Amino acid sequence: MKTLYSPRRFYPVETLFNGTLTLAGRDQETTGFAWWAGNARLINLSGKLLGAHVSHAGLIVFWAGSMNLFEVAHFIPEKPMYEQGLILLPHLATLGWGVGPGGEIVDTFPYFVSGVLHLISSAVLGFGGIYHALIGPETLEESFPFFGYTWKDRNKMTTILGIHLILLGAGAFLLVFKALFFGGIYDTWAPGGGDVRKITNLTLSPNIIFGYLLKSPFGGEGWIVSVDNLEDLIGGHFWLGSICIFGGIWHILTKPFAWTRRAFVWSGEAYLSYSLGALSVFGFIACCFVWFNNTAYPSEFYGPTGPEASQAQAFTFLVRDQRLGASVGSAQGPTGLGKYLMRSPTGEIIFGGETMRFWDLRAPWLEPLRGPNGLDLSKLKKDIQPWQERRSAEYMTHAPLGSLNSVGGVATEINAVNFVSPRSWLATSHFVLGFFFFVGHLWHAGRARAAAAGFEKGIDRDLEPVLFMTPLN
């Protein structure tokens, strides 16, 4: 246990794949890292590492801009977004650009502007990345001490952390300002089937906002994923932005406490592992959010959630059979339970049949038909609006269940249908990315801790078995 508090672990430790510590050049012989170790060659070259990061940002923004324009070029306003394989335009529509009542797209010009702005930004980032990778100083410490750093300088590292937190807080406030002052955002709960509106009274009560964090993640509780109104959503961003900005100022002004210095490993690879761990958590949360939440990810743009499509199917057939004369309140199904309606474990009236498992779904097309005890039988008989029928029929046939090489996977679809919901894409991609980032977190954390403890020398490539094998001929 003594090594845990040994001063050795505070020295600049990096785990090499090859056994030399001279880091002047960028080839395998001088850095100890082969080409496939990526930016590890640049660990101690802050100027070149800046070039790599700015170039990476340029590639990301270039993808965003070009994919945005690609989706605009292929967009058909008459079809729902979720039928067209779009993954970027739904985000822009959710922010209230180009959308009219009921989620109808009335103007695609804002989407075009977004794509062009991202392309222009990517050109600037690309130029900066190439400049710093090829022309700019190898290290920033001498010429630009404010931007220079050494990995073991804990005060500088927490200052950089603080700057990042302030930028994240500013990003959260951008959404708050858009919702409050700059045209508002799309609210799927607006009466009559959704509309863009300004958020006038955002929720600032800490009891409500932090109550979400204290909820169980299971069942009808749903942790923060259960947020079902824009007031709470924007209020949460206000709180989060404030906390990030104040936390950022704190980290810039203070030095790490003694317990922090002892608890953490202070090396480039350790910071990489912390970042990957955080991104992994973000990925898993985003996966659950896009899969279950139809407020932050409106079904008008992303397609229905799984429970929503299932409940929509029950609702559609209830409407049909009621028109044909069925008594939906008393009809029995094959199991003796109610065919169309039954009671939940807590006594509410819910849809019967297989969709009973999704009885606590909340959706804007269904909520107007509820009373104090669940679904209201008189409302189901007299108050169903045409837009509710249309929307549920649409959602019933677009469940987020299809696979790439199969039909949609719901009994109501004909064999020719091959539909993959953007909800499926976004949820599965974020789950997979979250998982891989978690593996990366474990890998780099293990290497960083081993290097700090002083018993990991890297992989000795000189004794690699393949070097002693007869060449394949």
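Here, residue 1 is simply the first one shown, and the rest follow in order.
Cβ from N, Cα, C; glycine included.
Sequence annotations record features per position, and here Swiss-Prot assigns N-acetylthreonine to THR15 based on sequence analysis. Taken from Swiss-Prot, the feature phosphothreonine applies to THR15, supported by sequence analysis. The annotation transmembrane segment is assigned in Swiss-Prot to 69-93, 134-155, 178-200, 255-275, 291-312, 447-471. Per Swiss-Prot, the feature [CaMn4O5] cluster binding site maps to GLU367; the stated evidence is sequence analysis.
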If you count CB pairs under 8 A between the transmembrane segment (134-155) and each of 69-93, 178-200, 255-275, 291-312, the winner is 255-275
Across all chains shown, how many C-beta atoms besides its own are within 10 angstroms of the C-beta of the residue listed as '[CaMn4O5] cluster binding site'? 11
When DSSP states are folded down to helix, strand and coil, where does GLU367 ([CaMn4O5] cluster binding site) land? helix
